[in-house]
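TrEMBL has this to say about the protein:
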type	residues	note
BINDING	A:GLY174, A:PRO175, A:SER176, A:ARG177, A:CYS178, A:GLY179, A:LYS180, A:THR181	ADP binding site
There are 2 protein chains.
Amino acid sequence: MLKFTHSLVIKGRHFTGYCTNMKRTVFFISDRTGITAELLGQSLTAQFEDHVEFTYHTIPFVDDEDKALAAVARINQTAVRDGVPPLVFETIVRPEIREIILKSEAILLDFFHTYIGPLEKELGVRSSFSVGKSHSTDDLQAYDTRMSAVNFALNNDDGATTKQYDQADIILVGPSRCGKTPTSLYLAMQFGIFAANYPFTDEDLPNIKLKDGLAKNRHKLYGLSIDPMRLHEIRTGRRPDSKYSSFQQCMFETREVEALYRREKLPFINTTSRSVEELAVKIMNDTGIERRIF
Amino acid sequence: MLKFTHSLVIKGRHFTGYCTNMKRTVFFISDRTGITAELLGQSLTAQFEDHVEFTYHTIPFVDDEDKALAAVARINQTAVRDGVPPLVFETIVRPEIREIILKSEAILLDFFHTYIGPLEKELGVRSSFSVGKSHSTDDLQAYDTRMSAVNFALNNDDGATTKQYDQADIILVGPSRCGKTPTSLYLAMQFGIFAANYPFTDEDLPNIKLKDGLAKNRHKLYGLSIDPMRLHEIRTGRRPDSKYSSFQQCMFETREVEALYRREKLPFINTTSRSVEELAVKIMNDTGIERRIF
């Protein structure tokens, strides 16, 4: 908790505040989804959250003057209410829309125009300033790859059949509820990777042997494990007071799968404190699997 | 196609190139996954892709000096090979790692440190420079919400049962292969939204009536439609030369679902040229559904 006198002049307006518990409103503004502004903006505000309590709002699809003016009105109302200017992280492409947002009573952090000038200079060509230009989403082939990968992940999610494993880029193995399904789906959705997943269940234990479908595709296997206490928590949320969720069973399963990974020299990762994004990228990085879409 | 003489001095090194077909190598470098750098970097390079052919490489998890030095070596080799300095988009948090990358023979666009100074000044507090600080991924509760949402989407993906629809935040309806499944999964994964989806099939057609489970949750319904020619293409990839994939059937189904949406005054969207991200955010924006994770 911090005490300081805040004093700042922004576009002729004087804001002062003597803060013991700092709060700030943050807007993410975009002419598209706002997802990029959110990701980068949050990684920045996260650096200050020991001292400042942020409230977030996203205003997506600000792609004409009326929507820009409405956004400015909302920002200015917030500035008056808060007594401090909101932070605005924006990725607006069209200069005339951005001009309008610039006039708001905000601290504006521009994630797009900041770099366009230097890039034009370096590349020696002018920006096309086209909204929604991005590589994969506008490309039907990339769209199809992504959909095929999502379908592949869904069709190969439970280990019931291993007959499509020859088409897999990777096969995630591990105990139930250690993160295989979301990681396969993320690999499919974000990178177009064909990821199957296979759960080791009671019938595989103890002394797991790789079944035919898995043994044949040994080079594609990647193991997931998890701290038994965390697994116990997750499974308890699903089936409380069962053998399945008992700490003892979770200990047993994680020990057995890790013994398998070591015995078979399979690459593996502990999922406990990792996000799905991080797992997906680590797995690609470890195995050298190439993304099918950028 | 553009002709120009490129001449630039970067850190004492002189690069010249007479280019008729410009190519540039782009690196995304991060101490985490690199996904933010990729998203923002690609929206920037997309503005120049009529003139420049970019090749992309991501170097994730650059979180110690050795990895930073290895990245610099790779960048410098590329600079020599290409005869022009690569573009490096980076989101490295720790100043001492960034210092190393700064010494590479590259055009460096720094998506993190560019803003940290102004933010420190504005907020009156110092950045913690902690790697991996982000709101949702480190938070177990957010993790659980996300997993529950993904499971909900998977368990409510085929319309076989409507009994969990009272727990849904939204129910996407539409013909088979118009984008319901990936959109529901994206809503779950990115925003923690509980999204069910229900396909209208031959047995619902013609003159679709909302079945009990749907009628009871009418306020949660959101329609998807698609151009019949695109639907025909997608279905042909799946089941060529079938009634299911015929253009006539695709025409019939899209006409019938859109008639339903109008008759029942359901909000709906055409998915044809929209990315999954865009569909998800548009649906949230139209309905006012709040994300469960940020």
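Yeah, the Cβs are placed from backbone N, Cα and C, and that goes for glycine too.
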List of the binding-site residues A:GLY174, A:PRO175, A:CYS178, A:LYS180, A:THR181 facing chain B, defined by a Cβ pair under 8 Å:
A:THR181
Using the Cβ center of A:GLY174, A:PRO175, A:SER176, A:ARG177, A:CYS178, A:GLY179, A:LYS180, A:THR181 as the ADP site position, which other residues in that chain lie within 8 Å, going by their Cβ?
A:ASN197, A:PRO199, A:LEU224, A:ILE226, A:THR271
I'd like to know which of these binding-site residues, A:SER176, A:THR181, is least surrounded, judged by other CB atoms within 10 A.
A:SER176
May I ask which residues of the same chain, at least 6 positions away in sequence, place their Cβ under 8 angstroms from the Cβ of A:LYS180 (ADP binding site)?
A:LEU172, A:VAL173, A:GLY174, A:ASN197, A:TYR198, A:PRO199, A:LEU224
Quick one: what's DSSP say for A:GLY174 (ADP binding site), helix, strand or coil?
strand
Among all the protein chains here, how many other CB atoms are within 10 A of the CB of A:ARG177 (ADP binding site)?
25
